[in-house]
Structure formats: structure tokens, C-alpha cells
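Q: Please read through the structure below; I'll follow up with questions.
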């Protein structure tokens, strides 16, 4: 319709709008697929196929019948309904369908006897649409055609179905006359049956105050004269569950509230009170309806019962049963003396039980037994079974529901019997008042049955509309083809098909006692998983969705089975059938013996389906008439028309489908005269040449080239969109004509204006040109005169200026020349004096410089001689040190070679033991392999049996087996890759052997370097002798004197050097002795760890490197000594020439010779060291050869073990794969357990087993050096396991704090950093540490224990966040600093690197975190959040108890201060004041270790004496239970919490978050309590609450912002509410003051609630002004219904994330933290002290 319409620029169209459904506008631009529309100033771009044409000639008040619309589409229908609704015309036809829009107000002009007279006998469609017209049409057809009629009224709850039904029955009663029946008219009885059924079958719902909770079909019988001769009422699916369950703000059935509002003598007889005292009624806060008096309705219902023939005795029995149901609801059950027995809870329950028994007129004990016990009849005997309290409560509710259902059925039967049916009547008019389509947030069995009814009626409706369309085409005698319409038969088959439908499956599930809603839902999923109308919600497990004609509806199956079962408990049946009250016993007649013996299961669904089928059979024999009731808005207020809401109802009611069916044929139908009048302009010649309307219409349509139209007898029938195309042609013709007219008019106006403008411009130009010429001539005259005047004036001025300038220049030149001569003379005098002064000063300066230079030269010479002597002494010292180092190195090498030989002998013995253990292990593995094969064979047999038994699920098992095979293939590929990795490692080991050959080559180079060293030493000695000889000759020749002090210093340095050499020799002897003592210990350690050979080789390599370094340093020093000797020779010559010393030279020569002899001794010592080095190298080569042999043997043994373990693991994996694929994906538990069983036997042959159960391969020897990264990582993974138990035993206790930092967290962190666990690829240490933190959650009641572990966990997490650095995606490790080459350099670097990490947060050590470390970090994060949540819930639980006591005390104090106390209020209305003893905070029995005192201020003298304990928080006596003491108990509890957290040094940001959420919880509890009851919204209550808030504010100020943060701001809702309560007088408060100044935070719902609750009837000044309340109420009506809750919600989320722990925790220096006392003396944890 929209796509085929021709849209041009200027056309008026409808465009979709999300707010108003459709808006109109004018087309501004048309593209190929999109158009631009101007909608009242707003430009909208829409697709061409999403717009509908608008009728520009639409009548202002709309049309009575929407089939007369030029464009029959959704926006046209909405516009027509809205125009008529605004004009109070609420009824509109759509063909034969009447649409009624509920006005929510009385319209007197539409009802009354006068209106009925107007419609009596009038043809359908002559008068305005009205239900009377529909009723009259049905009545006339029944009389004239002799066919029974039916009027179907449908619509949403609140759409006006009940009122429309009343009007229909009123009109039919008016038309049927007054045939008397036993003194009472039948029509009056039919009309009066409505209030009776409404009292017992209607209730208030969210959408309607008088919603029918049952379906009703009234059959009115007529005789041959058209008089009412009888009637029958049929009801469907009464909502039983409403008797026991009512949601707020709905109500139960009206009869309960009417009976409670009955006269006093009635309520006393039935022992009733207010509705709020009964559990079946007080589940909702709504007890009364606006504009409805329940007491008057009670009397009206009594009168209606009299009319329909229910006598007073029966009426008394009816209300006796209703009262008994109310008393049944107040019976509560508790556990009895036996374990699974139950009994009435208290005296109150026994009272209601007694009253209910009296009203039922049965035995009270029998009633109690029927509720608390069940009799199970077996073949031999009867067994009495006791019920628990929950089962007894369910039985009580079942009894109430079945009694009420029986009562309602009795009423319907009684009404039918009273009215009577005419057996001779052949024609009826049925009025169906049925519930409309329902879709709520929670849809149960009732909605399922209601929507099934609507599906049935919709199918009937579609078929009927299609038939009417057929009749219209046949009447006009046009050619038409079949019209396709939606057939919802597939939905009906889905629901009611037997077998296989949803109802059939539900009945089947109800017949099995063990069936639950879960099994029922799974059965539905399996049966209808491929059905296009059935779906399963993604996030639900038991819900299902059905695609109805009106939309998708999701049903919850929780109560389907219970609501579908229609049974009466045998005990209840027997009890009530034997009642002394005849009315009660008539409700439960005794069952026939045959039916009781052979009872067949009957369900509500099956009964309802049968009733529905009977209804449709009745409707099929009648001619239907349809009335669709529409609710214009959800506010239930007049004059509000919501387009989207109405459009949804029209779709659900099938109106739009009827329109679609109409549009599928020929929706546009115009009479000939109207068609020609509208479109004559397209072809004027057709109307001029012919007066035949039919012929003219055909010519007109042929000219516009329209296809597919039909010409009927009286009308033109157009297809969908053809009317828009005709309007488009008409708009083009009108537009073209308008443009021609506009062009001619504009041409005439423009020409006329141009001629006038031309004449005027000619005159103006002549005048202007004359004026311009005159002005130009005058200007030329003035310019000529001015030039002559200027010439004369300039000549005179120039002459005078020249004369003055000449005289001035002569005067100035004279003065300047004189001044220059004087200046020149003065300069010459100054220059002569300056030369004289400079010559004297330069002479003096040269003399002084010469004196200073001479003195400095003498001083420099003396200092230089001292420097030369010291340099020589330093060289001698260095030579002595190098000699000692060589001796030490040689001794160590000898000792290590001896140790290596002894270790080799031990290794041979160990290899023999390994071979024996290997053979034993192979035998064990073979036995295990045999067992596994047997298990495999048994498993296969079991599997084959299961497959044969479970052939129905063969497909699923094949899929699982396919997944298992894929997993096995993947595991096999992983094992093959692991085998390849092991082969690569073996190749690396062989490369390691080649490395020993490289070491031998390096040893040869060492020999060469030692020989070169010897040569250089000899050369240095030779040079030294030459220098000494030259010095002696110079001394003899020139008689120099050596500085005595320098020689003395040289001697002392020489003595020190000797002492140093002797001390080094003593140290070498001591090291030899220690080595002899420690060698046995090293031998035993070799037995424990096979990898010791790697350490020996690495030590040898390090020693080799050290020797190289020593040789290099000696060469460097020798070179320096050679250079120094040359320099000294030259310096000596200079000294001998410059100065002459006066000391005796002979003595000095002897000392020099003595020093030379000592130097020779040192050279001899060096040569002996070289010999020892040669011997050490030989021993090293032999050790290398032995190590190579040992490595080969170890590799062979490890290869055999690894192959056996690999085959073992593969077999175990196959068995585990066949047992469960899911278990393999999570963790290879079987392989892990098997590997751990084998690990003690082979622990000495390799690394320990990993977490996943695979054996870690032998660490490969790197290609170049033993100290590579992979080798060290394997070492660090094995090292700390033996120390973890000691660590865990220590930190699992409360080891306290040091300097305010947790010792346990820092100890764990230091150990993990020391052991390099964070860099390990696989480790089980984290799995052993995590349970330590998990143990803190086990004791959830100990706040002190939880706070201690929260501090430790958060601190450790903080350190990990600062330390761990995740590896880059490439996996390359960061660049490391260069490694020193010498042995001592590497040792010192190792000491520095393995020391305890610097824990200052400014320089936290960064490490590359592996996957186990990152997983450990995530686990710590989860524990921090869990501990925080547990502590918060403990605090909330205690605060809730204290607040309950506080609120109770406030209420009691306000009741004491009031003048009158209401004695009728039951104790149940009071807020329950829980004993704080139940939820008091439990203090830990353990005390923290001594902590350093902090300088924090304690709020309100925070001390341990003030902190509440279990005993201190018990329920106080009535004398102490005052508001002040209650608030004080809250303050004391907050003090206790703060002290606990401060003692445990909980991070400040966590403390602030905790108090913030605690105060938020206090705010929610106080604020909700104020808004829930009227007695709390008083000035006295506000003053008392304000006093308590002042106490909390004082506590916050004393506790300081450091701990509580902005917690005080969380009480803003309660504070503002209290301010409003205590403000006096309230009548002067304006709306702006209320919403801006006083209560800016509160919402409109909350303000309206407070203002309405704090009303005082006696004093108007205490009330808020009505204007303010009306403004708030107006805002409430405009706001969304979803924002109607005035209560606050508690926030239970975690208020921080992991990143906040790192950013919010204050940076601390952890360097000064003391270690735990238990680890202080342990030598393995000495690094903690560093």
C-alpha cells in the first residue's frame, strides 16, 4: 500500500515516529528510495516504502465507518479514532466491527432509555456507532432470519468490556419485553446476576479496579414472539490463586472486603475485623478503592442475591464460607513434637482454627488433623502420615482455593436454576465477556489459558471477516480472487493437539508424582525445539516462549503443574461433606463409590479446553458480532489518547488484521458521484460528453491508465495504493494549473513595475547630471586660485628660512672648532702620563712573578720525589697481592680436583643403586600397565552394555565419542611434540660435552698466557736492575742525596707487604682445613642432588675465568710498571741535574739492594705458582673427561625412564578419555595422581613432577655455558619446595604487624621474590599458599580475623601489582646487564641479585610474571573482594539489628507520647525488633601481636573498653530501651568496627568504602521506615531521628575524614526527609522551596509520599499546602510508571576494582619491616633480615 503509492513533492504523507507512532508532514524532496518530509518544522528522512499517503480532505470529526476512509491504513485509523475521541464520540465502525474507546468518564448523552428508543428498529449504520446498534442488529437478524446471534466483547483489562456487556444486556432486556416468571422478571434476574458475579469474580488489578478474573458467556433465550424466555450463564477459568496470593497494589476478590465492611452484627457473628488483620488480604497495602464504599456494595450484593433467587439462609451460608476462608489464611504452623510433624503455631492460630471449624460447622480436631496429616490407603491398611509445616501450609491454601472455587460454581449454578431455561426456545443471543490478550513480566498458567482463548477467538474472527468481505464483493457483483489471511492453526495445534500438544504434555507431567516444572520444561524443549512458534529464552532454564498472533509471550512454568491439578484432598472432602451446615455439605457432595474407586485424572487445562471447544461450537451455530474495547491510556484518566498503546491493542484485537484483509482486496470503495466529484479535474471532457456515471468513471480510470480496479453496481473498487496514485495525478494537475496562473500574474505585475521605474529613473538621471557638471566647474576654479596663493606663500617662507640658517651655521662652526682644539691638547697630556705609569708597573710585576716561580719550582721538585717513591711502593704492593691471589687459586683448584675424584667414586655406587631402582620401577610400571589394560577391557565391556541399553540416545554418544577422539589425537600430538623437545634437549646435552673440549682448549691458552706472563716478569726484573745500576752510577758520579723520609716510607710499605703475604698464606692454610672438614658434607649432598656435577663444572669454568682475569691484570700491571720505570729514569735524570742532596749515598744503596732481593723472592714465588697451575690444568682435564662419561650414563637412564612414563601416561589418558571427556578438559587428574605416586621412587633422577602430572624433562645443558637462563630456572623451581612447609606454618598464624605493615604478607612476598617463583613457568607453590588465604573465609563471624587477613591479602596484592610485569607478546625476555667474567665478580653479583628485594615502593623491583604468577594475582583479587563482602555483610547484619531496635524504640516512645493508643492494632503491625544478640559482632579470641602505636585520634575515646561485645550488645531491658540508648548502641558498634580495623591496619581507602556503604545502608533503612508507615511521618518522630543523625554526625567529625571519608553525605535522603518533617509550619512551604531548598535530592514519588503521610486532620499548619501536593501529583502522572517506587534500594556491589588497590593505597616503605620471630633463627630464611 505504501510502496505502490506514488509520492511527489508537495504530497502529504504519514511517517513513523517512536513517540506518537505516526506523524504527518509534507514531502520536500523525493529520491530513488528515500524522501525528505517536513513534519511541523522537523525534517525527517524516511524510506519510500515506510510512508503512507495522507488524505488532505480528511473530515475534521472523522468518519463513522473506517471503511469509508480514502486511505485505510494504520495512521488513518489512528487519526480517525483520535478525532472522534476528542469529540466524545467513543464508538466507531470498521465494517461490522464496533470499536469502543473507554472514555474513563460518564457520557450521559450516550446512555439512557431515550437513546435506546432512538436505536430501536433503526437500520445498522444509519445512526452513530453504538453498542445499542450492534445489539439491535443482532436482535433484528434473529427475529427476521431465524438465526441465533452472538456478540463477542473483547479487549484488555480496563478497556470497558464489563460496561459494554452491561449495556448490551440492558438493551436486549429492553427489546425482549417483560415476561414475568414467578413474580420476578427474567431480564431483571439476568441484569442482577452481574453484580453478584462481579462481587465474587472481580478484583482490583494493576490495570483495572474492577477486572473480571473469569470468562463469562451469557445465553439469553427468546420465544417465538421475541420475548426473553430464559437465560444461562457459563463461566470459564476462575483465577483460584488470587484467593491465597495477592501482589501489591492489587486486591483480592471484592466479596472479602465487602464482608469485612458489613454491619457490626454481621462481623461479630463471623468474628471478623479489618482487612489488614487477615493474611490473605494484607499481602497488599490496598484495602479500599477510590469512589467505592464496600459497606454499600455489601448491601447491594445482598439485594442482587434476592433478585436472582438466593434466599437468606443460602446467603448466610455463602458469607459463612467466605469468612471461614479468611480465618483459614491466618492459621500458621510450626514444628511439632515429632521430627516431621506440625501443629498450630500459637494461640492466635488455634483461635482462627477454632473459628474456621465453627463456621464450617465441623469438628475442630478433625479440621486440624486434615491440615496436619494425610491418610495413605494401601491394599492392607491405612497409614497416617504427618506433614511438615510447609506441607501443612500448602494444604491449607489448597483447601481455601477449592472451597472458593466450589462456592463460585454453586453461585453460577444457582443463578442459572433461578433464572430458568426455556426448553422450547430455538433462538438465542449470546453475549461473550472474555478476557483479552495478556502479556506481563510474569506469565503463568492463567495467562496461558487466556491467550489460548484469544487465539481461538482470533481464528474465528478472521474467518468471519473474510466471509463479510466475500459477501461485499458478491453483492456488488465484481470479479475477485482468493485473499490470503493469517491462519493461526499451527499455534492452536502446538497448544491443544492431542497427543503431543503442550496441554497434553502438561497433563502427562501432572499424572507422574515425581514430575517437576523442570522436567516439564525439558520435555517441552525436546518436543518442540524445531517448532517455528515455540522458543526457549536464552537466560532461562524453565521458561518457554510462544509466538502468538499478537506477539511473543514468555511463560514461567514454576506453578503450571500445581495450577493444572484439579483434585480434592480426601480428608478435606470427607470433613466438609460431613459438615452440620447443609450449605457447606452441599458444596462437597460425597463421591459415588464407582467414581472414587476408578477415578480418572482430570486437569484444569483439559476441562478448560473442553469448555472452550463447547463455546466455539455454540459460536459456530450463531452469527457473530464483534465489539473491540480499547483502553486509550494506562493512567485510566480521561482525555488522554496514546497512539502507541491504542495501536498495540488494535493489533492484538485483530482489528488491524481485518483492515489488512480488507486492503488485500479492494480497500478503497467510493460511490460513483463522490468519485467523479473528486477526480473530474483529471478528465473534464468525460463528464461533459456523458451523463452516465458508470461510463464516466470507466473513461476517467482509463485515461489515468489505472490497472486492477473493479466497477460495481454502486461503487468504484480500487486496489491498495491506487487512491494515492489518483490523488498524486490530481495534485500534479492542480499544481500545473496553479503554476500557469502564478506565471501570468507575476508577468503582469513585473512589467507594470518596470515601466514605472523606467520613467522615474530618466527624470532623476537628468537632474543628477546637471548638478554634477556645476559642481565640477566650481571645483576647477577653486583649484586654480589656490595654486597661485600657495606659490607666493612658499617663496616668502623659503627665503626667510635660508637667511636664518646661514647665520646660525657660522656661529656653530666657530664654537665647535675651538672645543675640538682644547680636547686634542688634553688627550696628548694623558697619553704621555699613561706610558710612564705602565712601564713602572710592568717592571714590578715581572720581578714578583720571577720570585714566585723560583719558589714554586723548588716546592714542586720536592713533591715529585715523594710521589715517585710512593708509586714504586704501590707497585710492590700490587705485585705481592697478585702473588697471593695466584696461590689461593691454585690451592682451591687442588682441593676441587680431590673432591671431584671422591665424588666420582660415590657416583659409581649411586649409578648401581639407580639401576636397581630402575628395574624395580619397570616391574611396577608393567604391573600398573597390566591393571590398566584390565580396566580398559572392563570399561569397554561396560560401555558396550550401556550402548545396547541406551540406543535412544545413540546420536549424542557418537558426538561425544567424536569429541573424545579429537581430544585423544590432540593429546597424542602433544606427546609427540614433547618427545621431540626431549630429543632436542639430548642434543643440547651432547653440545654441553663439546663444551668441555672448549674448556681444554682454553686451558692451553691459559698455559701460553702464564708463559708470556713469566717472560714479562723477567723483562721487568731486567729493567729494574738497569734502573738500579744507572741510579748507583749517578749517585757515585754526581753525589746525589736521596730524601730520607721517602726511603723510610718505602721500607715501611715493604714490611706491610711482607705481612700481607704471610697473612694470605695463613688464610690459604685455613681454607684448606675448612675444605677437609666440609668435604664429607658435600659428598652426602651429592647423593641428594644429581645436578651437583653441573655445579662442579660451572665452578671449574668460573675458576678458569678467574685465572684468566688474574693473568690479564698481571700483564697490565707489568706493562704499567715498565712504563713507570722509564718515566722514573727520565725523572731521576732531571732531579739529579736540578738539585743536590746532602745525605750519605752508601746507606741508601744498601736499602735499595735489599728491596731488589725481596722482589726476586716474590718472582720465585710466582714461578712456583705457575707450576702448580700446570698441575691443576692436568687434573681439570681428567675431571672433564669423567664428567662427560657421567653425563652420557645419566642421559641413557633418563631416556629409558621418560619413554616408560610417556607410555604410561598415554594409557592412563586413554582410560580417562573414555570415562569422561569433561574431566580431561579441566585437569588430567589420573595422570597427575599416577605421576605423584611414582615421584618418590625417581626423585633423584630428575626434576619434581609438574602440576599437570607430566614428568619434567632433564634440564638441557646449554650450548655455550652452564649458567644460562633455562638451567637456573630449573634450579629455582626445585629449590624452595623444602622450605614452603616452614613458611606456611609460620604465616598461617597471626604473626602481627611491624611498623604498621603486615608481617605475613611481606614474608610471603620476600620469599617468592627470593626464590624467583614469579618467573617460573610451572610451579605448585602458589597452590599451597592460596589455601592459607582461603582459611580466613571459613570463620566468617570473626571480624578481627577477617580484618587481619584482608590487610595481608590487599598488601600482598598491592606489592604484586607494583612488582609483576607481564611478558610481551613476542615472549622475549628483557635485556639483561652484562655478566662479569671473573669468578669473584659473578659471586658478588649473585649475592647482590639474590638478596632480599628492596621493598621501597619508589624502587620496587620489576619481574617478568609468568602464567602461575598472574593466576595467583587474580586469586588474591577474588579473596580481597570476598573478604570485603563478608565483612560488609556482617556489619550490615549487625547494623540492621540495631536499627530495628532503634526504630522500635522510636515508635514506642512516640506511642507513649500520643494521647490515644489504638488497641485494635495487632502486634503483627509493629516492626519486629530483632535481638542484637543474634547478630552481634564476634570478636576474635586471638589478639594481634604488639603493634606500634599510631598517632590517629580515636573518635569518642575509641578504646577496647568501649567496643561492643556479644554480652554488651544483648537486648537491653525496657528501662534502658530508649531512643538515646539505641543510637548510642549504634555509635558503640561503629567504634568497635573502627577499633578493629585500626588494630589490623586495614588500608584507609577500604575503611572509607566500608563506612560509606554502611552509612548508605543506614540511610536506606531509616528512609524506607519513614515512608512505609504514616505514624513515622510526624514532627515528634522527625525530631527524634534528627537527634540520632546529630549523634552520627558528631561521630563522623570525631572519627576524622581520614577514616570515614564522605560517609556523612550518604545520609542525604534521610536528612532532607527529617528536615521536611520538623519544618513548621508546613503550609507556608512552596513548591520551589520544597524541591530546590529543602529536598533537592528526593524524587517526586518520595516527596509525594511524605507530603501525603504527614497530613494532620486537626491542624492544617502541619500539612503541606494542597497546591504543592497537586503539583507533585501532576508530575507523577506525566512520569513513567517504571519510576514509581518511592523506596531506596541497597547497593551490595563491590565499590572498588583491582586497579584502585594500587592507586588508592598509600605508598609505604617496607624496608624496615621486621621478619617473623619463628623464621629469624632459621638459616634458610636469613635473607629476610637483609
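Heads up, the Cβ atoms here are built off N, Cα and C, so glycines get one too.
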Q: Given the ranges 434-457, 458-481, 530-553, which one is assigned the annotation region 'Actin-binding' in Swiss-Prot?
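A: So the range that Swiss-Prot calls region 'Actin-binding' is 530-553.
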Q: So if I exclude everything within five residues of the ends of the domain 'IQ 3' (831-850), which remaining residues of that chain have a CB under 8 angstroms from its CBs? That is, six or more out.
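A: Non-local partners: none at all.
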Q: State which of the following binding-site residues has the fewest other Cβ atoms within 10 Å around its Cβ: 155, 158.
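A: Relative to the other binding-site residues in 155, 158, 158 has the fewest Cβ atoms within 10 Å.
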Q: How would DSSP class residue 209 (ATP binding site) in three states?
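A: Its secondary structure by DSSP: coil.
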Q: Measure the Cβ-based neighbour count of residue 212 (ATP binding site), defined as the other Cβ atoms within 10 Å of its Cβ.
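A: Its Cβ has 23 other Cβ atoms within 10 Å.
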Q: I'd like to know the mean pLDDT over the region 'Actin-binding' (530-553).
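A: Here the mean pLDDT over the region 'Actin-binding' (530-553) amounts to 90.
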Q: Taking every protein chain shown into account, which of the binding-site residues 161, 209, 215 has the largest tally of Cβ atoms within 10 Å of its Cβ?
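A: When each Cβ's neighbours within 10 Å are tallied, 161 leads.
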Q: Going by DSSP, is residue 158 (ATP binding site) sitting in a helix, a strand, or coil?
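A: Note: residue 158 (ATP binding site) is coil by DSSP, not helix or strand.
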